[in-house]
Structure formats: C-alpha cells, structure tokens
Amino acid sequence: MKIKLARTSGFCYGVRRAVNRTFDEALHADNLYTLGELIHNPQVLEILKLRGVKIAESVDEIPDGASVIIRSHGVSPQIKAELGKRGLRIIDATCPRVVRVQQLAERAGRRARHVIIFGDREHSEVKGIAAHAGRRVSIVKDLKGLRRALRRIPRKEKITLLAQSTQNLSAWEELKREVCRLKPDAQIHETICGATDERQSEVRELAREVKAMVVVGGLRSANTRRLAEVAREEGIPAFHVETEADLAANKLGRFEVVGVAAGASTPSWMIRRVLHAMELVGKRRSFVSFLQEVWRFIVRSNILVAFAAAQLVYTSSRLQGIEPELYYQWIVAAYIFGMHLLNHFTDVFSIQINYPARVGFYARFRRLLLTLGLLGIGSTLVVSYLLGPFTFILILAMSLLGLIYRVELFGKRRLGAHRLMDIPGSKDLFLGLAWTVVIALLVVPASGSTFSPATGITALFVFSLAFTRSLVYSIRDVQGDRMVGRETIPVLIGESLTRRLGAVVLFLAACGLVASFILGWCSVLALLLIFNLVYAFVMLWLTRGEKVYSDVLFETIVEGNLICSHLVAYGVHLAGFA
C-alpha cells in the first residue's frame, strides 16, 4: 500500500499559538484553567491534564487567583468582561483570524446591519461571533436555513454575511451566490481561514491521486469532519480516525494508494503514529521491503548515529593531522550508541510523543538493545583504559555525565531544576559539548599527540555540526518537547531565533576553517569541510516544527552529513593533501 500525505498537516497557526501559550504557561503557573476545551483533540487534552491544566466549562468554575486561557475559538464580550471583574489573570489565545471575524460582526452590529453567520450554532467560535454582532444576528448551516433567515429579515435591513473560519468552501460558495441573487446589496466578507481553504483544496487534489483517504483528528473537530466530507464529495471512501487504534486495517488493506490528511487541531506526533500504523498495514513481502526493514532497524536502534559519529572521528583526526585509528572510532561509536539507547529507554513519555514508531520497536527488542547499549559503554571503557589513564578518565567522566543527565541531583531552588536535563536549553548545548569532547579532543591524548591550534579549530568544527544537528532535531520535535515540558532551545526562543543562532555558530566555524588554512594550521581539508557546514545550514533552515517527516528518511539525511565529512576527508587524503 502506497501512502500519500497532504502537504499541509499538523496544527494550524491559531491552534499552534494557543497550544504553545498554554504549555508555556503550564511550565510556571500552578493554578491554570482553560475556559472550555482548548482544542478538539482528546490526546492533547489528556497531556494538558497531566501537566496540571484544568478545564472549566463556565466562569463560575474558576477559583479566585487562578490564571485562565481563552482558547483559539474566542469568547463573547460578556464572558471576557466577567473574567475581568473576577480579577482573574487572563491569557487571551484567541486566533487573530477569529478576532478579525469578531470585529467585523461588531462593526456590522454598530451600523444596525443584520449579521448572517454560516456555521454550526453550537460551536464556541460561532457563539462568540454572534455575541459580538449584537441582537440582529442569524446563524445558518445550509441553503435552506439561509432562505428561511432571509424571509424573516425585514426587506429594508442591510445584511452582512460571515462564515465560521473552518466552514466547507464549496458550501460557502453556494451560500454567497444565493445571497447575491436574493440580496444584491449584501456585504460579504471572506472569513474562512486560509489554512482551512488550503487543507480542503489539498484534499480535493489528493483525492484524485488516491483510492481512499484517512483523515486524522478529533472526532468532535469540525474542521476535521469537513475534510472527510470533502474527500467523500470527490467520490472516494474517507476514514476519520482519532488515533492509530481507529484504523480499519481490513478495509484499508484493500486499497493500493491511500491519502492522509489531518485537521487543524491534530498534532504532528499523532499523524506520525497513524502513518507508522498504516505502514504496518500496507506491508508486502519482497526483497525491497526486506532491505527497508533492515534500514529501519539500523536507524531506530541508533546504529546509524553511532556509525555517523565514528565517521566524524575520522574527519576530526585528519583535520588535526593525526592518523585515524579504528579504535578511536570504536570508542566514540560505542559511547554514542550506548548513551543514546539508555537515554531513550529512560525517556518513555518523550519517545511516545516524538518518536511513536520507536515505541513498539523498543518494546520488541528491549532486552537485545539494552544489552548492546551496556556492552557498548563497557567496551568503550575497556578500550580507553588500554589507551592510557587520561583517555580512560575522560571517557569515564563523559559516561557518568551521560548516565546522570536524567537523575535528580539537587533541589529545584538551586538551579531552578532537579536534574541536568531540566536546565533550560541544556539538551542541545550539552550534546554539542559532549560530542566535541569525545570526537575532537579524545583523539589527541589517545594518539599521543599534543593539543595545537588545529585542535581548537577542529573542536569548533565538530561543535558546530553536533550543536546544529541537535537543533535540527529539536526544531522537528518542538511540539512534542513543549508538551512534555522539555525546555529545548526552540521551545525557549522559538524556531526562527534558533535557526539564526545555529547559522551564527556555523558561520563562526566556517571563519575558523578559512583562518586555519591561511595560517597554515590545517590542510586544504579545512576549506572543503565548509561543504558540511553548508549542508548543516540547509537542514537547519528547511526543518519546520509543524511538518510531518518520515523518521527514517529524516534521520538518514541528517546523519548523512557526518558520513559525507568522512568522504571529503578521505578524498583529500587519497589526493595526497592531508
């Protein structure tokens, strides 16, 4: 079974803004409420509950002194005034596009125009818009309701037509034509959100290329239901699923090509979970599928990242003028392999959110992987011991730091955190520094060489690649990290500033490489390795937190940069320049 994913998926702007603000507030606020469900997605609501965020169905349910979040759908002016009178701390997360519709309704109401809203009467967004419009307002859900409303409105009364931001586009076009026919002087505003327009258009296009459609999102989500409606309008079966457990494997397996779309309130990690489950449904036994399965094992078991780190050891050795040895590479590969595995096994919640495909994989190979991880760290210590006391102490110290990264060490009052991993931004910085020590610095004492200016340049080069590599993954996982309460750099400063920070680090590394060649510290290899910095920059700039990526393909491309650095260094060596 071939799977085609719609280009636009994951949270829309308004939902992402509201969810991000809520999770950011949950990091520090103790008594936090949302007025109604923040979004129509039970899985996200469950995580909010675990983070201490409570749902209040009315203002009366919110205790004094609490903080309250107004969800992206917005509320009526009366409710907002009531919240203000109570003296509650208000965090207004109303989508700016909904605010615009509310303002249009309010302006029409002040001008004594009759506002007709095309939408679901019981939807909170529609209730809020209607409240802003005042007394002259009608809510319609179809052409029949529109005609009925127009008959009731006095002939001399002017009309303003608005739509709920997530309404069906084709139905909206029909309504507009009917209003123009019956009330040519009516004022019509295009208030269906651009994201809704885009998603529905994509589903129509995708429906022509597939035999069936899976739409992922909350069963109570209006915009998700409409995507399923659009697919059915195009004449193909549509399966609306909330989680991977809702997939009808026996029905899906009959289709050769299946499309996947998602509602605006569906997190990217849930889409990844559904995609992974669909991959299992669509499995067909062949030599190609066997090779794909082997590669998935290599990537998900962390063998690929360990191998890639070993290739960077070769590059860093050549850059410093040190003859590479296999045991340097083994020490680093085994260390990286063991640390990644053990950290993944102790970070279950984050893995469930960010790497859903790995949950079943780790459960299936748990004993094997844990054994290999411990053997990896053990072999690293044995080989480093044979190379000398300094190398052994360095590896032992790095291993202990890796092991205690998630262990509670001190009271929160001291550093604002219980564990090293709780220190804001620590993940990306610590990973960059750890890789720099074991990859760039370890080879110097291990080979019996002395530290030199080339060592400093190599350390800068390795840090820039390792740090930006970590930033790329953190940008991809920003949604899940925010939900589990992990303050990575993208969570702290945003994706845009994170990209700029990474670009600055890469630029400094490039300057260092050029200077090292000019000053004679390093060979021409220093100039050629700028290619890898450009590679890292492109990955950094193209990765988006709201996008859904295949974990295997994504990690292959990211780790491929480190492998490419080995090829560059080896090519220069063969040419006799280093």
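Cβ atoms here come from the backbone N, Cα and C positions, even for glycine.
Automatic, uncurated: that is what TrEMBL annotation is.
According to TrEMBL, HIS73, HIS123, SER165, SER221, ASN223, SER265 bind (2E)-4-hydroxy-3-methylbut-2-enyl diphosphate; the candidate from HIS28, HIS40, HIS189, HIS240 that the record adds to this site is HIS40. Within CYS12, CYS180, the residue that TrEMBL lists together with CYS95, CYS193 for binding [4Fe-4S] cluster is CYS12.
In this chain, the transmembrane segment (367-386) lies out of contact with the transmembrane segment (524-542); the count of Cβ pairs under 8 Å, excluding pairs fewer than 6 apart in sequence, is fewer than 3. Cβ proximity to the [4Fe-4S] cluster site centre (mean Cβ of CYS12, CYS95, CYS193, cutoff 8 Å) flags the following additional same-chain residues: TYR13, GLY14, VAL15, SER72, ARG97, VAL98, SER165, THR166, GLY194, ALA195, THR196, ALA264. Using a 10 Å Cβ-Cβ cutoff, HIS73 ((2E)-4-hydroxy-3-methylbut-2-enyl diphosphate binding site) registers 29 neighbours. Cβ atoms within 8 Å of the centroid of the Cβ atoms of HIS40, HIS73, HIS123, SER221, ASN223, SER265 (the isopentenyl diphosphate site) belong to the same-chain residues ILE39, GLU125, THR166, GLY218, ARG220, ALA222, THR224, GLY263, ALA264, site residues excluded. Nearest to SER265 ((2E)-4-hydroxy-3-methylbut-2-enyl diphosphate binding site) in space, judged by Cα atoms and limited to the recorded positions CYS12, CYS95, GLU125, CYS193, is CYS12.
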